[in-house]
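One structure is given below, encoded as structure tokens.
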């Protein structure tokens, strides 16, 4: 079981989806309407570039000290889904853009 | 040649349309067939010139125009039809009305529908909808069917995209004075209802409600503040004239009248007891000048109306009220909406999919005018071969208080005759729809009596 969980944690970066209510999105809208929320999840171990290795090395030699840098690729949306519209609890329509991921990648 | 000859219909008064059972050619295709024949194409060109910018009476005063019209009544153009959402729908309808405006007064209360009769039933949608029902555990949403319908749409990429499309268009403010672009909103609504399958669109539009929040959501489906309401409420006959000036709106209105006209001779009050056809033509009006909607968020009584009233009708008050009542007090439309909400459908007619492939065709000859007298010929040679499949089907129906019976051919001819009268509505296109459905299913007659 632990093995299964470990393997799940190390899945490569990919698009996943979840049914959530609009209220759960935390954007301040009050609505019971359900939307499909697609997000990016997974590791980027195989996408490490020479950039990441070099940055890590330079940082460890304390050549970069005060700045915030990230020396590993990150699983993020490459593009976003179309707009999502819904009716809220007060019968007003709203449209939200860039809510859901369309394509994921290690950047 | 042969195709042309078999398509040419014997002239008959419009409106009765006894040829409806023949698979109609669409008018774009009929136009092509006509263009291939020099005599037909020249007459058609003449007629179009006759009709351009003239009313019917001035046109018919011209002998050449009259002759052209008479010849064209024998051509495939005469009984051609169009399909909703087909490619070149507008072109098809323009061809249809170019002939039919010459044939009729063009000012009749009910006009014949240029669309092909609908043969599918509500139960076809329910079968598809049951695929989704598994994901609706109805518990977390307090069984708000309209909310479930929105969820089903949001989880389908195509439905979500086109729904968001019309919602954002219809709720986009243009300026301080202009609340929204009604033209763009209507266009987006038409795209939604034309391109999204009806198992999604009907669920949103005709969901059944127990509380006001649900009914208000149902009323809000088409974004009425932009697509429906207006500062000025026009007279309904005035609005009808505006609609009839547009080929698409005119066609959709004629289709609504053909499929939702209350008929007191059928069980459901609908022509041919076809709920699906009525709901389809109702949805077909959305996005035009005659856009209908729920007038309030009442849960008990459903009242539908276009945005118009009968104020200022003058001496046409009666006609105006009659027109408006087809929306506000229409038992067919109301029954159809309720039946969809409850998930029930009547099964009075045989279903095409029950036809066994092994049954030999009843007749080899091409349709002749004699066959139009379907009242007797259709029944007498039919043989029941699939009682088992009918009974199987019937068992399912028994659950919904309906009973199916398996008749022998002799019983059919005698027993069903009194019932059959209920389908024939001389005023409406009812007889055409009924005939259109029965012909392909001649070998099998499943008679289900709703008790």
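Each residue, glycine too, has its Cβ placed from N, Cα and C.
Nobody curates TrEMBL annotations by hand; they come from automatic prediction.
Copied from TrEMBL, the annotated features are:
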DISULFID  B:34-B:40  disulfide bond
DISULFID  B:146-B:207  disulfide bond
DISULFID  B:153-B:159  disulfide bond
DISULFID  B:170-B:185  disulfide bond
DISULFID  B:180-B:226  disulfide bond
DISULFID  B:209-B:214  disulfide bond
DISULFID  B:236-B:308  disulfide bond
DISULFID  B:243-B:249  disulfide bond
DISULFID  B:260-B:278  disulfide bond
DISULFID  B:270-B:332  disulfide bond
DISULFID  B:310-B:320  disulfide bond
DOMAIN    B:27-104  domain 'GDNF/GAS1'
DOMAIN    B:146-226  domain 'GDNF/GAS1'
DOMAIN    B:236-332  domain 'GDNF/GAS1'
CARBOHYD  B:342  N-linked glycosylation site
CARBOHYD  B:398  N-linked glycosylation site
REGION    B:1-21  region 'Disordered'
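Its Cβ taken as reference, residue B:226 (disulfide bond) is surrounded by 25 other Cβ atoms within 10 Å in the chains shown.
A separation of roughly 6 Å, to the nearest angstrom, links the Cα atoms of residue B:214 (disulfide bond) and residue B:146 (disulfide bond).
In the domain 'GDNF/GAS1' (B:146-226), helix, strand and coil residues by DSSP number 57 helix, 0 strand, 24 coil. Sequence-distant neighbours of residue B:207 (disulfide bond): residues of the same chain at least 6 apart with a C-beta under 8 Å from its C-beta are B:145, B:146, B:148, B:149, B:214, B:218, B:341.
Put plainly, the disulfide-bonded residues B:249, B:278 were compared by Cβ crowding within 10 Å, and the winner is B:278.
For residue B:153 (disulfide bond), applying a Cβ distance below 8 Å and a minimum sequence separation of six or more within one chain yields B:159, B:160, B:163, B:196, B:200, B:203, B:204.
Long-range C-beta contacts of residue B:180 (disulfide bond), restricted to its own chain and to partners at least six residues apart, with a cutoff below 8 Å, comprise B:169, B:170, B:171, B:172, B:173, B:174, B:225, B:226.
Under DSSP, residue B:310 (disulfide bond) is assigned to coil, being neither helix nor strand in the three-state scheme. Between the disulfide-bonded residues B:159, B:260, the minimum number of other C-beta atoms within 10 Å of a residue's C-beta occurs at B:159.
Secondary structure at residue B:270 (disulfide bond), as computed by DSSP, is coil. The most densely surrounded of the disulfide-bonded residues B:40, B:146, judged by C-beta neighbours within 10 angstroms, is B:146. Closest to residue B:209 (disulfide bond) by Cα-Cα distance, out of the disulfide-bonded residues B:185, B:236, B:278, is B:278. Secondary structure of the domain 'GDNF/GAS1' (B:236-332) per DSSP, as helix, strand and coil residue counts: 52 helix, 7 strand, 38 coil.
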